[in-house]
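> Questions regarding the structure given below will be posed in turn.
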Amino acid sequence: MTQSTRILLGVNIDHVATLRQARGTRYPDPVKAALDAEEAGADGITVHLREDRRHIQERDVLLLKDVLQTRMNFEMGVTEEMLAFAERIRPAHICLVPETRQELTTEGGLDVAGQEARIRSAVERLAKIGCEVSLFIDADERQIAASKRVGAPAIELHTGRYADAQTPTEVAEELQRVADGVAFGLAQGLIVNAGHGLHYHNVEAVAAIKGINELNIGHALVAHALFVGFKAAVAEMKALIVAAAR
């Protein structure tokens, strides 16, 4: 995993699968969405195989691994089931995330500092099979430093607090928290990605932060695609972040 010279867009297709699973049909196909996203300029495709299988299924992951022209960023919880699955399919990129059954979406970052031995073991186990691991964490120096200690080459900073901020003061504070996290991560020698809750009206400020390698965005893209189509939604987002990062 190397730092890109330009900002990258990772497209999360989980919620295409959410729509499919709502009726238990074969459509819409997240694999087709992934291929359309690639054609529209996505630099990678992100999928989260959750313990409860609420959206992405094993079959989706296997198909994507075979057909993607870019790369798959496989999000997973730190469980024996997921580690064994990863060892079987060997995705090039894995992002370890926290996970609870009751949450609507990932609610916070992984507590690396509070479980260093467990996370280090997972990172080492995945590295042995050639997987490059990132850790989804809050923009907190303690968690960033712990991520470095456990051997992860990359982190993804949770931008949910920024996305949820209501007042201009709160927005500015949370944006600065992300910017400080990026700077600290880079100083630790880590590749720094970011994502969660980003959409067409708040993404530019984050994309403008110097040093961010990649933004992972999903729900907003799928929602916008209902009105403009998936390729157009991805192309619009890609144009926004590239322009903001200049």
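Any Cβ shown, glycine's included, is placed from N, Cα and C.
Not my notes, these are from Swiss-Prot:
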type	residues	note
BINDING	Asn12, Arg23, Gly197, Gly218, His219	3-amino-2-oxopropyl phosphate binding site
BINDING	Asp14, His15, Arg50, His55, Thr105	1-deoxy-D-xylulose 5-phosphate binding site
ACT_SITE	His48	active site, proton acceptor
ACT_SITE	Glu75	active site, proton acceptor
SITE	Glu156	site 'Transition state stabilizer'
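Surface or core, plus neighbours and distances: that's what I need for these features.
Neighbour count (other Cβ atoms within 10 Å of the Cβ, all protein chains): 8 for Arg23 (3-amino-2-oxopropyl phosphate binding site).
Around Asp14 (1-deoxy-D-xylulose 5-phosphate binding site), the same-chain residues at least 6 positions away in sequence with a Cβ under 8 Å from its Cβ are Pro30, Thr46, Val47, His48, His55, Ile56, Gly218.
Mapped onto three states, the DSSP output places His48 (active site, proton acceptor) in strand.
When secondary structure is read from DSSP and collapsed to three states, Glu75 (active site, proton acceptor) falls in the strand class.
Around the Cβ of Glu156 (site 'Transition state stabilizer'), the same chain contributes Cys95, Ser134, Leu135, Phe136, Ile137, Val192, Asn193, Ala194, Gly195, Asn216, each under 8 angstroms and 6 or more positions distant in sequence.
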> For His219 (3-amino-2-oxopropyl phosphate binding site) and His15 (1-deoxy-D-xylulose 5-phosphate binding site), what Cα-Cα distance in Å is obtained after rounding to a whole number?
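With the alpha carbons as reference points, the distance is 6 Å.
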> State the count of C-beta atoms found within 10 angstroms of the C-beta of Arg50 (1-deoxy-D-xylulose 5-phosphate binding site), not counting that atom itself.
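Result for Arg50 (1-deoxy-D-xylulose 5-phosphate binding site): 20 other Cβ atoms within 10 Å.
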> Where Gly197 (3-amino-2-oxopropyl phosphate binding site) and Arg50 (1-deoxy-D-xylulose 5-phosphate binding site) are concerned, what is their Cα separation in Å, rounded?
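Each residue's Cα considered, Gly197 (3-amino-2-oxopropyl phosphate binding site) and Arg50 (1-deoxy-D-xylulose 5-phosphate binding site) end up 18 Å apart.
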> Can you tell me how far the Cα of Glu75 (active site, proton acceptor) sits from the Cα of Arg50 (1-deoxy-D-xylulose 5-phosphate binding site), in Å?
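Approximately 8 Å lies between the Cα of Glu75 (active site, proton acceptor) and that of Arg50 (1-deoxy-D-xylulose 5-phosphate binding site).
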> Under 8 Å between C-beta atoms and at least six apart in sequence, can you list the same-chain neighbours of His15 (1-deoxy-D-xylulose 5-phosphate binding site), or say none if there are none?
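Those within reach of His15 (1-deoxy-D-xylulose 5-phosphate binding site), by Cβ under 8 Å and sequence separation of 6 or more, are His55, Gly218, His219, Val222, Ala223.
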